[in-house]
Amino acid sequence: MSFSRLLTPRILLDTTAVFPPSSSVVAPSLSRQLRCTRTGGSPPAPPHRLVARRAMSNGAAEPAIYGGGGGAQQAASSAAARRVTLATLRGKHRRGEPISMVTAYDYPSGVHVDAAGFDICLVGDSAAMVAHGHDNTLPISLDLMIEHCRAVARGAARTFLVGDLPFGSYEASTAQAVGSAVRVMKEGGVNSIKLEGSAPSRISAARAIVDAGIAVMGHIGLTPQSVSALGGFRPQGKTVESAVKVVEAALALQEAGCFAVVLECVPAPVAAAATSALTIPTIGIGAGPFCSGQVLVYHDLLGTFQTSHAKVSPKFCKQYGNIGDVINRALSKYKQEVETQSFPGPSHTPYKLAATDVDAFLNALKMKGLNVAADAAADAVEYTDEKEINGTPQLKVYA
């Protein structure tokens, strides 16, 4: 079978095994929108989409010494580009165009992801590992996830933002799930949420969140929040039974109204089957090339070499940079220049007293009996007036 055919969604399985004809399950509006679009009909208007995240900065320009602009300026600049919406993603999927997705966890990474033109940016609970040094994703709280979402939203004005619901924020009941999702949307400023798993309670949670007007991305295969039950970070769908369950789980999430499903660490044929069976996009991570799109963790693909995360750096991740080496070299050079007093030199000591005020300042110090301080100030005046010679600052001692 050709690659292009695998990217064209087709129904391969007997879905009555999951949703029999007599089932009372009705696909929510988001799923219907996707079906209408794929069959050439006119889809309803996109579901509720928060735009508050695009103006989460206080809007005040930062002082000129910091370069001005700040988050508001960045957001305004990025907003000039066409914003990615669910309609954008549906269109790409309908045309068979791959969907690009990557994680981000703070304002700088949000800016980078937005500038690179990604379709989707996931503010993942993997922040627990790559940003906070934990061995898994479980410790991060809902409040902390919201803060990460807010930071990314300030920097990413164009890309479609997805916020993870962290472990412990949606398992107890559908009411808890909806409440957590509403908080992530309203306070975090994202466009949608992602939840893991396909157990009946998770399907109910997904359906309830969609019914509340919030777009939901599903996540099956290796679900990191279930690491204790899975016995570690292990690939899923490697037996016939578990492979079929992956496809059935994807179908169940689609019927619950999810607009896309992440397939993590499953064999490529399993991902291909799920992709072909669905009418919504699949996003692969360690699932081969036959998904509708791909996602990787920001720190993994950039090679930042976070020590805590390096222990579990995934085999499927291609490293596109050695940012960790660049950072280490820059930090080492800075430390060396501080210790050798070659930084800051005159070119990085920009703030001066007006020439007419120098003598008055020195005399004022001497009048207060601060002669040593006056001598130090005079030395500094002479130093900052010097030019750098061959890259080495020349200190002229005040006489």
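Even glycines carry a Cβ here, placed using N, Cα and C.
Residues or ranges marked as transit peptide in Swiss-Prot: 1-90.
Secondary structure from DSSP puts GLU196 (Mg(2+) binding site) in coil. Per Swiss-Prot, the feature Mg(2+) binding site maps to ASP125, ASP164, GLU196; the stated evidence is similarity to another entry.
Among the features that Swiss-Prot reports, 3-methyl-2-oxobutanoate binding site is placed at ASP125, SER126, ASP164, LYS194. In the three-state DSSP classification, ASP125 (Mg(2+) binding site) falls within coil.
What Swiss-Prot records for GLU264 is active site, proton acceptor. GLU264 (active site, proton acceptor) counts 23 other C-beta atoms within 10 Å of its own C-beta, drawing on all protein chains shown. Look at GLU264 (active site, proton acceptor): DSSP puts it in a strand.
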Any further residue of that chain within 8 Å (Cβ to the Cβ centroid of ASP125, ASP164, GLU196) of the recorded Mg(2+) site: GLY124, SER126, THR137, LEU165, PRO166, PHE167, LYS194, LEU195, HIS219, PRO224, GLN225
Residue from SER126, LYS194, GLU264 whose C-alpha is spatially nearest that of ASP164 (Mg(2+) binding site), among the recorded positions: LYS194
Same chain, 6+ residues apart, C-beta under 8 Å of the C-beta of GLU196 (Mg(2+) binding site), given in sequence order: ARG202, HIS219, ILE220, THR223, PRO224, GLN225, SER226
Spatial separation of ASP125 (Mg(2+) binding site) from LYS194 (3-methyl-2-oxobutanoate binding site) - C-alpha basis, Å: 10
Neighbour-count leader, CB within 10 A, binding-site residues: ASP125, LYS194: ASP125
Cα separation, GLU264 (active site, proton acceptor) to SER126 (3-methyl-2-oxobutanoate binding site) (Å, whole number): 13
